[in-house]
Amino acid sequence: MGILGLSKLIADLAPQAIRESEMKHFFGRKVAIDASMCLYQFLIAVRSEGAQLATVNGDPTSHLMGMFYRTIRLLDNGIKPVYVFDGKPPDLKSGELAKRAERREEAEKALKAATDAGDDAGIEKFNRRLVRVTKEHAKEAKELLTLMGVPYVDAPCEAEAQCAALVKAGKVYATATEDMDALTFGSTKLLRYLTYSEARKMPVKEFSYDKLLEGLAINNREFIDLCILLGCDYCESIKGIGPKRAIELINTYRDIETILDNLDSSKYTVPENWNYKVARELFIEPEVANADSIDLKWVEPDEEGLVKFLCGDRQFNEERVRNGAKKLMKSKQAQTQVRLDSFFKTLPSTPNATNAAKRKADEAKKSANNKKAKTSGGGRGRRPK
């Protein structure tokens, strides 16, 4: 699910935090990619020929096709990807997973009804909703990446959190995912649409963490509370509080505890046994592998291994696979070209920029308190600058 309404909120109130670029703009960059998100995209993709990609036994192979050619495209553009795979979900996510299971059951019923009615559009729609990434899909993708010479990381828990840890440690430039909670985990850069197909002609959308904090006039802790109010995977949100009201409340009261002390209980109902504090701690201290101990290496591809793995039962075209392997080799040889900024040492993310945002937020808080004192503490939040 990510964070509900966050991207639009940033676009509306902190547009300076978003930049659109072509893929080639990221030449020479190392990027941590949410592997499960990619595999899902590949599995639901419909080939222009309309045929289902599958082995001789009928097992889908579209995830491998997507991973193979999309990774080659990234490398062709000078980007060095590292794929990060999900581990076990945190206990707090059980509620969200239960909701997904319910939606899946509803989709199965709707698919049956569409099939009985001969509704082709409905069949396609509900088939897509039933797609999920399995352990077998992930296992095959890892084997493929190894043969391609591309590194991957097994996260102990959430992939987005591990990606953010790699960014903060200076191991990679950005996190590439469609889930905005990578920012909540503290990734200083987030790239959306990086792994979309070239045919969709979507520019890569880059979000800057420091600029969004500055634009929203909040610090990192307040941003986490904002994301919880908007709606995240780890706890319920307060019904009736949308993005606009959420940022007003955070700008006025600065944390959820103070918001709850001042919230109109006749207007808003707080969820029973609301686990917002545990969710907050999960964002602040997620379960991740130590990024400093992770060694990322891009090595030469195994052409014969790729042919053996992808052709035969998986029915990939051998000539295309060999051509792909040659492109991988060519990109490996071209990696001697570097970005100008790579001549300077890349340091892990520091709190300096967020401290500046915090100072600005504290000033805003002081101003808000003065305003409340003058007006005897009105309940409405000020509109953020």
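Cβ coordinates are placed from backbone N, Cα and C, and glycine is handled just like the others.
Values in this document were obtained by computation on a predicted structure and should not be read as measured data.
What Swiss-Prot says about this one:
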REGION    1-104  region 'N-domain'
BINDING   D34, D86, E158, E160  Mg(2+) 1 binding site
BINDING   R47, R70, E158, G231, D233  DNA binding site
REGION    122-253  region 'I-domain'
BINDING   D179, D181, D233  Mg(2+) 2 binding site
REGION    336-344  region 'Interaction with PCNA'
REGION    346-385  region 'Disordered'
COMPBIAS  368-385  compositional bias 'Basic residues'
Integer Cα-Cα distance in angstrom, G231 (DNA binding site) to D86 (Mg(2+) 1 binding site):
21
Please report the distance from the Cα of D181 (Mg(2+) 2 binding site) to the Cα of E158 (Mg(2+) 1 binding site), rounded to the nearest angstrom.
10
Please report the Cα separation of D179 (Mg(2+) 2 binding site) and E158 (Mg(2+) 1 binding site) in Å, rounded to an integer.
11
For R70 (DNA binding site) and D34 (Mg(2+) 1 binding site), what Cα-Cα distance in Å is obtained after rounding to a whole number?
13
For the recorded Mg(2+) 1 site, whose residues are D34, D86, E158, E160, find every other residue on that chain with a C-beta no more than 8 angstroms from the centre of their C-beta atoms, and list them by sequence position.
S36, M37, V84, A155, A159, A161, Q162, C163, T177, D179, A182
Distance [Cα-Cα, Å, rounded] between E160 (Mg(2+) 1 binding site) and D233 (DNA binding site):
12
May I ask for the distance between D233 (DNA binding site) and D86 (Mg(2+) 1 binding site), taken between their Cα atoms and rounded to an integer number of Å?
15
Could you tally the C-beta atoms, other than its own, that fall within 10 angstroms of the C-beta of G231 (DNA binding site)?
20
Considering the binding-site residues D34, D86, E160, D181, D233, which residue's Cβ sits among the greatest number of other Cβ atoms within 10 Å?
E160
Cβ-Cβ under 8 Å from E158 (Mg(2+) 1 binding site), same chain, 6 or more residues apart: which ones?
D86, G87, P89, P90, F185, P286, E287
